[in-house]
Structures are given as structure tokens and as C-alpha cells.
Amino acid sequence: MSGLDVRGAVSFAERTKSVDALTKKEILSALNSGEVSETSEDARFRVRELVLPDGESYSGSLLGNVPEGPGKYIWSDGCVYDGEWRRGMRHGIGNMRWASGASYDGEFSGGYMHGSGTYVDANKLTYKGRWRLNLKHGLGYQVYPNGDVFEGSWIQGLGEGPGKYTWANKNVYLGDMKGGKMSGKGTLTWVTGDSYEGSWLNGMMHGVGVYTWSDGGCYVGTWTRGLKDGKGSFYSAGTRVPVVQEFYLNALRKRGVLPDMRRQNQVASSVNMENLRVGVNRNKLSKGSLINLEQSRNGRVSLERRWSLEVSIEKVIGHGYSDLSTAVLDSGSSVQYKANIPILEREYMQGVLISELVVNNGFSRTSRRAKRKHKRLVKEAKKPGEVVIKGHRSYDLMLSLQLGIRYTVGKITPIQRRQVRTADFGPRASFWMTFPRAGSTMTPPHHSEDFKWKDYCPMVFRNLREMFKIDAADYMMSICGNDTLRELSSPGKSGSVFFLSQDDRFMIKTLRKSEVKVLLRMLPDYHHHVKTYENTLITKFFGLHRIKPSSGQKFRFVVMGNMFFTDLRIHRRFDLKGSSLGRSADKVEIDENTILKDLDLNYSFFLETSWREGLLRQLEIDSKFLEAQNIMDYSLLLGVHHRAPQHLRSQLVRSQSITTDALESVAEDDTIEDDMLSYHEGLVLVPRGSENTVTGPHIRGSRLRASAVGDEEVDLLLPGTARLQIQQGVNMPARAELIPGREDKEKQILHDCCDVVLYLGIIDILQEYNMTKKIEHAYKSLHFDSLSISAVDPTFYSQRFLEFIKKVFPQNNKS
């Protein structure tokens, strides 16, 4: 589903395309058979018919030499506008008819469809609602040629915000939309009686949700891109959902994690199309806008139930654990709940069932175990970080940061692109701007306190953003859009504050003054290094700024690319330096957001031989660069996404064989079975594709090649996801094997050998080996092994770092 994209790239001349180029004398001479009557002393004429030299004609009122008041304009290609004019542009109530058969009836302003109006295209797609500058904007009601209907909020030509989409087959979605797709919180109800309420992303179930079948069974858990992913609970038909679970679901609705049906119904009822008054007694519109109006997009909300195969399997498996013949009554009778029917606690990995625990339906209201379980589920459902909202300690700081970045990018983007010069580097290549709360001639009013904004080397960072193909508008929307940032707890000892953009593309970190000086000093060499080595694994920097509130300390920020921006779930995160002193996580409870360290790593990762050689070569180049800059204390940030282990894939095969008969009664997408069966082969590499390939937002360089497909460039194909582009440090498939003797280091979620996808890069590259670090080295060497501490000179640090990384990625003798 998508709205018509009528982006009016209409010039002023096109919007006034009529008789404004003719003088009054020429108008009179053009009237071969028409008539002109003087209607007032202000030179207003009433033209019966004026034939222009190019074959187009106008009849109506003129003021001077432009249309003013009611008039009709006919273009040479058959397009007709009949309605009100002002200063030569369509303005007021009017009707426009295209040669293709499309028409618009409604309000115009300044030559654009603007206000309330009804548009019908040549294929009988009908939209009735609000317009803004030729785009659907506001409340609107659209009927598609196939009978689908969407009513709700539109922004810039696309469904955005609360709305209701009804398919021709009577399936209904009620909830949030974004970019014309189901995104946010919403409920989809099928005509069969099944329903899903929860979070959506790009038209797919994504996040916490509840899937309920028509027979009363339900699954409460998390999804990733349409597939179950993580822990959840399955309640078969006839099972009463525990009171604690009901409290948990209600709490999620209050917090906005699940959709609030009462609120959605209120929103839906408020979208009353009868209240959208559209004037139809006059006809109007401009030709320049019409051409773009024809270019409608055919994208629509996808209703393919790509999860329904596993749903059917789940039904049968769940029924297999208990005699449901005693729980399911004859049709038409009320449901009876059986306390002895078990509840299935399950864990999935990207749609694959990896563990299952049968528990008795005997939760009490005051069960401590149940409360702990649901408190843990709520914690797992949350995104990493703390949402910065009004009242948060960092709220004013976030507002100032967003306002400053918006100002900086808006100021520098119009400047013509050019090569970076020597004068663009250094502390002097910066500018100040004061942002008073009430606003100024240069800055808008805002809700934060007065502050001063300093932007360092804006031309250099603009060049870096362009180098990584980051669009200026996307950059601003990601950091400074309507969504707030999330504050992350500092994983290290620096005490830095970390912000994460809501779309997870960018990290923002506070820096010490000394770190800013280091970055400015090394920025020319950093820029040259990144430009020369497009596969570099060093942190990508996109902006350096400083905020000085009117009352308070200075804050210095650097904007970086998030190395873990991916649709795949990062199950483990490691910060690896090669040292051993104090290099283990001190958290008792380890979750997916815990940053583990060198001594916590109990797996080796085996890559294809050529990939390993390329990775180690690039790491050596990068570490030598940092050594030349007198930098130490950096680390390799490693993210691990793991797939289902081999021995569990056979369980899926057995489950599918059990459910052969049951699947016949469910309408499925035939491709799903093939997708799920592909797990048996582990990670699948396919020759590179030109379409539907997901790339990272900050990726440069060539793709990796695989000997298995004739040394061609390859993509990674995973069930339930798009093709992932494999590059150095991004979407790298590997085999993880347990290191002997390290089995009990942490609770194992991986197995002895399993498939993984790796994400990695070098971070924390702003620590010089200065006098402070030299003193730290001397002091710690008196108490500990000098080779085990982090504070060592850059040359030794680089050597030790590379030796350790070689052990993490040993030579693959099986490839």
C-alpha cells in the first residue's frame, strides 16, 4: 500500500502557465473569434475564449495579463482545468481532468492541490481527504482498485501515523503506519479469526507481540522480521492465561509496548470521512502538477503470512503434549479451561525452535517465580538503553545536540562540494553559534536552556559522510527526527555518555577535552587513511561538536557509525584488547547487551581462508596506523549472531513430518517451507544479487569472494531475511568452536560447534600513550606482570593485539 507520489517539481513558470506572458495588447489581438468585455476600472477583462499560439486556450477572467477569478484553461494534450485563479495560478475551488482519465476535485493553493479534495486516477483508485503541496497530507480515505481500503493519517504522500487498512478479503489492520507500511504498534485480524497484536516494522511482526488463534490458543513472545526470535510462552486451546501473564500484557499496553485497542478504536472512529468537506461545485488544478500525479506507485501492504507454517506446527506440537480432546468442546459451546494443560516455554532463533520447557499451568497470583519470569521478559523486550524523554537528566542536552546538528547540516549542505583542503583541518576550522531559548535571526526558538554550539571541521566530516554514502537528510532524520535518542550506560571506565539514534544507525559519545585534541591532531591522517583503505575497520567518525549550556559544563560529542546496525540479533558482544589483567566482565547476570572481555571469550571463529587473510591484513594495516599516531588502549569490538546448532535442526524436520496432515487446512506461502529447510545446510552463500540486498549504512569497499562459488562475490542468505551483503567486518559468516577447557566460563547459549554471523571493528582510538599512561604502566608493572596490563607502549600494544586476534580467528583447516 502506498499513496500517490505527486511530488510537484513544478517551476513557477509551469504553475503560472497560462496567459501571463502576453501583454494586454497581445491578448486583444489574439481574439480572432472571441470577445473581451471590460468588467471594471481595474483592468479586469472577461474573456469568452482566448486561443494561444501553441493551440492552448483560456476563457474566464483576467486581471492585467494573468488569470484572476473563475476561468477555464485547456492544454493542447487534452488536460482541462476549470476553477478559480489568483495571480495566474490555480487557487481556490477547482476541477482538473487529465487526458489519461484521472481527475481531481477540490481545493488549490498557489498552483498546488492543497486543502481538501478527491482524486480518482485512471485505474479508479480513489482518494478523498487532505492535501498539501500536491501530496496527501492529513486525514484521508483511499480505496484501491482491488477493493482494499485505507483510512487514517497521511504524511508527504504516504500512510503515516494511526490508521486502519482493510483488505478486500476482510482482513483488518488497526494501528501505526510508517512510510506506507505497518510499523509501530498495531493489531492485524484475519478473517479466519486469528490475530496478532504487538510491534511491527516495515510490514512485518517485529518486537513483542501476542499471536492468538481462532481456537483460543496464543503465543506471547518476540519476533524479528516476521519470525519468532527469543523467549516466549505458548498457551494451547483450553489453557487459561495466568493472572500474572494478563497483568504483564496490560502493563505492556500501558507502557506502549503493545497496542492499546481502546486508543486505536478512538483514533479509528475519529477518522470520519464524512467530515472532510470537498467543494465539488467548481472544477480545478495545474498541469505542471498533473504530470507527476500520473506517476503513482503500486506498493501495497503485504499480507503474506510468512509465519503461518510455523504457526501450524506449533498448534500440533502443543496439542501433542496433552489430550486436548478433553479441553476442546463441541462447536458452539463455551470454552472450558483445564488447569492441568501444560504451558510451553520456548526459545527461538530466527524462527527455529531451539529449546522447549513444559510447565504446569499452576501459577498463583503471588508466585515469586512467575513474577521474576515476567519481569525478565519485560527486560528482554526492551531495546538497549534508556529512552530520553522530558524529565530525563539528559533531556536538555539531547535537545541542544539535535538542534545543533540540524543547524550544522542545514548550513553546510547547500555549499558546493569540493575537495578537502588543509585549511579545513585543525581547531581553527570551526565555527560558533549561540542558541538563545527565545530564538534569534539565525536560530529558531527551542525548549532547552540557552547554549553555545561549536562545530569542528564541518567540511571534513561532511566529506567523510559523503564518502560512506550517508545522505544529509537521512543523517538529520536519524539523529534529529521526531524520535528521541536512547542513552546507553557506559560499558567502560571512561564515564562517557553514549546516545543511540532510534533507528540504531548512529552512536553519539561524549569525549574528554584531551580526546578531542587527539582527534583534531590525527584527523588529516585519519581522513587520508579512511580514503585510502576503503575496507578499514577503524571507527567511522561523522561529526565532532561541543555544547556549552549557559549554566553548566561543556560537553564534547563525536558522532560515529554503529557497528551493530543490523536486522540480525546480536547475541554476544566482546571488547577484545589482547591484555589479561582485569579483562573479564564483572556482571553476574549476562545478557545480550553485556560487553564481555578477553577472558570471557570461550570460542574460536573459523573463517574462509581468504577472508581470514584479508581480515588479518586489514587489522595489521589499521593497527600500524594507530601505532604511528602514538595510540594505544584500542580494542576490537566483536558482535556475534548465532544460528540454530546442527543437532537441533533435525528436531525441525521431525516436527514438520508430524504436521503434514494439519498443514493441509492452512493457507500458506509455499516459499516458507523451503526457507526453513535451508537451515539444515547452515549458512547459505549465493552469488551476489543486484536487488533486495541489505547493505550496512556506513559500508565502503568491495564485497568478499568465496571459493565455494568459483571465487565470485557472494551474499549471505538467511531464512526470514533479505540477502545480506558480505564485506570486511560486516555480515561475515563463520563457524564457532568451543575452546577446550573453557566450557564453564559462562552459561552456554552456543553449542560445541555452530554457525555464526560476525560484526567487528576497531574502537576507542583516541587514547595517546602520554605521560599519564606511562606512569600507569610503571606503577602497575610493580604489582602485576607488565605484559598483561593494557597500558603499554603503542608498538608492543599493536603486536600483542594482532597476536591475540590471530588466536581468535585461527587458521581454518577444514576449508
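Every residue, even glycine, has its Cβ placed from backbone N, Cα and C.
Per Swiss-Prot, the features are as follows:
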REPEAT    81-103  repeat 'MORN 2'
REPEAT    104-126  repeat 'MORN 3'
REPEAT    173-195  repeat 'MORN 6'
REPEAT    196-218  repeat 'MORN 7'
DOMAIN    391-809  domain 'PIPK'
REGION    769-790  region 'Activation loop'
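In terms of DSSP helix, strand and coil, the repeat 'MORN 2' (81-103) has 0 helix, 16 strand, 7 coil. In terms of DSSP secondary structure, the repeat 'MORN 3' (104-126) contains 0 helix, 16 strand, 7 coil. Averaged across the domain 'PIPK' (391-809), the predicted model reaches a pLDDT of 81. Taken residue by residue, the repeat 'MORN 6' (173-195) breaks down under DSSP into 0 helix, 16 strand, 7 coil.
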